[in-house]
Structures are given as C-alpha cells and as structure tokens.
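J.: Sharing a structure, written as structure tokens. Questions coming.
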Amino acid sequence: MIMKIVTSHEMAEIDKLTIDYYGIPSTVLMERAALSIVKHVLKFNPENLIILAGPGNNGGDGIACGRILKNKVKNIKIFQLFPEEKLSEDCKLQLSVAKKFGIPIVVGYPDNDQIDKADLIIDAIFGTGLKREIEGKVAEFIEILNSFKKLTVAVDIPSGVSSDTGEILGAAIKANLTVTFGLPKRGHLLYPGKDYTGELFIEDIGFPEELTNNENLKISLIEREFALSLMPPRPKYSHKTRYGHVFVIAGSTGKTGAAMMTAKAALRAGSGLVTMAVPAALKVVFQSKVLEEMILPLPCTMNTLSKQALPEIMDFVKEKANSIAFGPGVGVNEDIEIILRELILNSSCPIVIDADGLTVLSKILNVLKDAHSEIVLTPHPGELSRLINIPVKDIEKQRIDIAQKVAQELNVIIVLKGVPTVIAEPQGRVYLNTTGNPGMATGGSGDVLTGIIASLIGQGLSPLYASVFGVYIHGLSGDIASRRKGFHGLIAGDIIETLPEAFIELTDEIDSEP
C-alpha cells in the first residue's frame, strides 16, 4: 500500500470519522497512541523521565504514557504546563486517571536542575493542530530545553513545528525521534520541520484503511516497495529496441559535459539506445568522449544548434525516438526557442525539459497548452521561479502546493527538485521522495536525473511513474555514492556510476525480506 501524507485538516477529518462514524472511542485511540509511544521510549531504558503535557489531546497522550510507564521506569514526573480549566476533556480524563495511579504531577515547568537530571523527555505539549506562533513563557522554556540537548521523543509532531508547512511557529522542540499516528504529516518531511522531527516512526493505532488510503488524499510518499513496483521489467528474451531509444537534445560550446551526463545516465538507467543531437561544430569533441552513445551532428550557430537543424530533429523524433531529453547545456537563444516550440507542438513522444530548456520555455510558456505529447519539467526552485514569476522563498515555503498548482495549470508533470523533491501531475496527485542527500547538490546532478527519467519513459513507464521512479533511483544512487565519497567529494559522475548498484540494492533488499 502506498503511504499517504496528510495535512492537519485531513488528519483531523480521519480522526473525527473514526470516532463518529466507525464508533471507535477517542479514549481507545489515545490509549493505543500512548502504547505505541511507550514501545519506543522503553528502547532507551530511561531511569529519570519527564513528560511535558500540553492542554490538548497531545497532552492526554503524554499523560497516558506516564500511567503506562509507571511500573517500568524508576522516576517519572509529569509537568502539566497549563491549568486544568484549559485542558481538553480527554486530557482532563487522562489527568484524573494518572492522579489515581499516584503519578507525580506538577502544574508548571521543570527547572533547569530537573531537566539536567532527566535522561529522556517526552514532548506532548502541542500536536498537529497548532496554528499560532508559540510565544512568551512557553517559547522561552522551549529554547532553554533545546539548549540541554536531552534525548527527546515527540508525540505526533515536535511542539512548534507546523504540521502543514514544516515551518517553525515561533519556537519548536528539537526531537531525536517522533512517533506519529496513522499517516505522516507534511511537516515531518518538509524543512526545517524535518530537522526537528528526528527519526520518524509511523504507528497504526486503528484508523480504518478506507480513511488512510482514501483516493481523496492526493499526496503520497515514495518508499522502496512502491518504487520497486514501478521498476521496468527486464525479460530474458528481449532486444535493445525493447528498452527504448532516447533522443538527447543538449550541449553547446562549453557545456558538452551536460549532454554527455544526460546520455550516459540514460544508458545506465537501462535505455537500449541513446542518440545525442549535437552542434556539428562540436562533432569532434563529442566523438572523442562517446562509447555506447551515438551522435547526430546537426547544423549550428557559432555555439548551439541552429533552427536549420529542425527538419532532421523532427524526422528523428518521428522515426526513431521513444522519448526526448531536452535542455541540459543546450544554450539559450532564438534558434533553441524555435526548436523547442516545434517539439512541444508536434513531438510524437514525451519530452523531459530541464536546465537551459526551462529558461527558453519561460519565454514561450503559453505553447504548453497546445502540447502534442506529455511534458515533464524538472526545475529547481530558481528555474521554477523564472517560469511562474513567484519568489524562490515562497516556493520553498509551499513546495507541495505550488508544484501541485503549476502542474494543474500548465497541464504538465512537475519534478520540483530539492528537499524533498516533489513530483506533481495535472490531476492533482503529488509524490514526495525519500532518497537523496546534500552531496547531490552539485553541478550536473539535474542533468543525470533528466537522462534517467527520459530513459524510463523510453522503457515504457508513463511520464508520471518514470518521474516518480526516476527521482527515487537517482536519490538512491546518490546515497550509495555518498557512502564512498562523502557529501563534500560527491560529483554527478559518481551518481551515474552507482546507478547499477542502486537497481541491485533496491531489488536485493526486497528479495532478502522474509
């Protein structure tokens, strides 16, 4: 089953329907939540435990944890940070039960000495429903608590992290691990919230599958089982033409490497054939570099392909190509604009557009409404900013919503690169990637991704699933490369060279499971 990702509103609706329609009492859900937290807390064998309880049901979860842990942990103290009249009904109930169990409860905040002596802290102050900025004494306390760097387990989401955007609402607790319920929330996966979440554990506490896997939940997580299900098959009885012919239109004076990386990545991702359309003036340069790739020298200006190359390009597309990778290092001028326009209007196969191609596209964006084939755009936030005239900082704050909106408005697949990479399609579905690392922030990494996605389209995946699987395997390859090279020394060529191992690791991990 594909793991969905939800907003605070969507999770609240799931919670409400579980209670009101399916008839599972809220106290039962709270008990299950507490048991799941306790399971993780006991891994650390704490002796001195502090529970920070807020006014809502998140606080109730924390108090229930204290009751369950009473005979399992030497010293437990619950700090109820808010007066009883401000507590939710379920939180009041848990507080009443905890008192009857004889658990020490303090209304107020722990002092520095108490924090210092604790070997584990449960953060149950605020949950996913928090919308306002944390201010005043609570904010001051959180800053003090963070300075102690104590082992901290967050209930549902670290207090102060927006569950919808990952933004910090004034102040936030920095957790070592977070135990969330039912489904992950956006704020767990978007920065800076991801940094505050620590290791994320998603626990099933009894929400009906009809709710957690509902088709109206449009955002999904790309995990390895899902990725494996998308991997193109490789039958024993087959031929190179079965695995597609990628047409790479890329490269110009000073940027031949971009074209080479795109082509090489397409081959490493499994393409049967790859041909590069290159400026004839650079023919010797490309011939000195290629082995498995083929080149098609075409008419050119002083530095780039010329509009005179268009007839040969369109003939090749019509007769041989299964997918097109357009843009890496191709240059930016009127001739390239004419070529791209013609491809969008008349190409018989899908086009993946990146880098210089996106810069050119920003000048002719309205042509997308008449596109003849499916289009995949792979911008980083700066490139998307040029396309849609929205500041980069706003794109970073609303990665999911903006990618989703642009995909729908332009009728294209958007691969918004970054952390996390977001894939969105015109019908509103969105996928968040789970692989990749900071070492991949290096020149050429995007060219590699373009080649991979174009390759997967040529092998028969839909442009959407080619993008989803391509982003995952690209990140996994980068993760393998970083184990050997580290983050600082990793280059785009390393990602290409470890692609075969990424495919092996993905399949072996699944095959080795019991």
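Using N, Cα and C of the backbone, Cβ positions are placed for all residues, glycine too.
As the structure is a computational prediction, the values presented were derived from the model and not from experiment.
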J.: What does Swiss-Prot list, out of Ser26, Ser88, Ser159, as binding the same K(+) as Asn58, Asp123?
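T.: K(+) site check in Swiss-Prot: besides Asn58, Asp123, the record includes Ser159 out of Ser26, Ser88, Ser159.
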J.: Give, as a single whole number between 0 and 100, the mean pLDDT over the region 'NADPHX 2' (380-386).
T.: 98
J.: Residues with Cβ closer than 8 Å to the Cβ of Gly446 (ADP binding site), same chain and 6+ apart in sequence?
T.: Pro328, Asp354, Ala355, Thr378, His380, Lys417
J.: So which binding-site residues out of Asp156, Gly329, Thr421, Pro438, Gly444 end up within 10 angstroms of Asp123 (K(+) binding site), measuring C-alpha to C-alpha?
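T.: Checking Cα-Cα distances against Asp123 (K(+) binding site), the binding-site residues within 10 Å turn out to be Asp156.
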J.: Using other CB atoms within 10 angstroms as the count, which residue among the binding-site residues Gly329, Pro438, Gly444 scores least?
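T.: Among the binding-site residues Gly329, Pro438, Gly444, the lowest count of other Cβ atoms within 10 Å belongs to Pro438.
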J.: On a C-alpha basis, identify the one among Gly329, Val419, Pro438, Met440, Asp447 that is nearest to Ser159 (K(+) binding site); the candidates are the binding-site residues.
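T.: For Ser159 (K(+) binding site), the closest Cα among Gly329, Val419, Pro438, Met440, Asp447 is found at Val419.
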